[in-house]
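Right, one structure below, let's go through it.
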Amino acid sequence: MSNLFAELKTPITGTYKQPTGLFINNEFVEGVDKKTFEVVNPTTEEVICSVSEATEKDVDIAVAAARKAFDGSWHHTTPQQRGVLLTKLADLCEKNLDLLAAVESLDNGKSITMARGDVGAVAGCIRYYGGWADKIEGKTIDISPDMFHYTRQEPLGVCGQIIPWNFPLLMLAWKIGPALATGNTIVLKTAEQTPLSGLVFAQLVKEAGFPPGVLNIISGFGKVAGAAISSHMNIDKVAFTGSTIVGRAIMKAAASSNLKKVTLELGGKSPNIIFNDADIDAAVSWVNFGIYYNHGQCCCAGSRVYVQDGVYDKFVAAFKKRAEENKVGDPFHHETFQGPQVSQLQYDRIMGYIQSGKDEGATVETGGGRHGDKGYFIQPTIFTNVTHEMKIMQEEIFGPVCAIAKFHSEEEVIQLGNDSAYGLAAALHTKDLNTAIRVSNSLRAGTVWVNCYNMLHHQLPFGGYKESGIGRELGEAALLNYTQNKSVAIRLGGPLF
Ligand code: ADP
């Protein structure tokens, strides 16, 4: 087998052919400098394979390919044809669901059940934006009988997209769907921790019939390929999902290069509020899902849990029992809920936060340590007696660690919930409709869930208030991040100036 493919195996698919090159112009190629890096299996801590690493030179080549496609083949494609291609790509994701999900579990460590759910959502998202492709419309605006005015929603051009490792395929779908539907071309960099599923997906892009250069997918590191994208003079827009600290760096790079447009989906420290009148069994279930889904590696994880004093003891006891029942282990076991964290670095960061919670005097209700003796597994952890100033209540942990505090009044919990630099998501649990609406409207967050959690959908916009980001992904709202408005004014008659 050429060095651009590796023969790998998963328990679901058996042996399969894993592309390892950079996907540029619909072909897998080596990087100019022929650099590679190792991809590690977080379940076993063993190397899976090596993939090509993109440097600045490869980013230049990918951008040139994307620019050529934008000005040429993609420009001449009708909106309807773009829609058909996206729909075909969605169909191919469904046809290859087992393979894509298995590669995601292998590389990221998420359970196969969750990975299958992710791939289903990938297909749904891409199909949804396929439906939008021929519905991107301008307006005619009547100003004067002597003039004809209309607006157009035009694509931005070449978009750089930088995605994280927590939902490798889903974040890819959220990014490419609206960008392609609106007629842009793309250079997308996957996260260095999880490049494999994006490369398998790339084969489907070609199979669906997208012209070369429309969607280029490269593997590489943030400081090299990511920085080259955000500071590139020939990229018109950068879309990023990841940490707030990197988001700032990307915005600075965009500002000091060509002022490319920027959308950011960043961190969170989302409050999850349980009122006295909540259905406690249901709330326990959603709080558990809110923090431990995807091993806590969600930007919208419900990591700050506020419980009203009347139900505090009952809730904590039931939640502790529930957290201890979560099945932690091999991602390929069908009953597993929680697999390993993605990397040694993430494992160490999370364990550092757990130590800080202990040092600052919070109570470990359950967990607080390593699970097993191999792989980056961490026990589902609950801290109680957490005060507002503690690091575990303030900072994004991005792991299976939940901080619980007691509150008394609605005003108090709104103030606590909003007292954060972040504003990505929030949730509340109550049977009172007035409380539900009043509190939802008072929380400064891009998404508020009532009596549920993590109920994201491609039809519904998602994004952050405050330091959680700029712009919205998903829904119709995302289209605005990938188009610009052109006004055309045509003189029909009337006096000359
Ligand atoms: P995490 O800290 O959770 O790994 P990051 O925000 O560091 O998340 O990474 C998310 C994505 O951003 C990855 O694709 C990574 O390669 C990329 N990235 C990291 N640093 C930079 C940077 N300075 N410029 C551009 N992209 C970056």
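Please read every residue number as a count from 1 along the shown chain.
Cβ coordinates are placed from backbone N, Cα and C, and glycine is handled just like the others.
What TrEMBL says about this one:
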{"type": "ACT_SITE", "residues": "E265", "note": "active site"}
{"type": "DOMAIN", "residues": "29-488", "note": "domain 'Aldehyde dehydrogenase'"}
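Per-residue confidence over the domain 'Aldehyde dehydrogenase' (29-488) averages 98 (mean pLDDT, predicted model). Around E265 (active site), the same-chain residues at least 6 positions away in sequence with a Cβ under 8 Å from its Cβ are F240, T241, C299, F462, G463, G464, S468, G469, G471, E473. Classification of E265 (active site) by DSSP places it within a strand.
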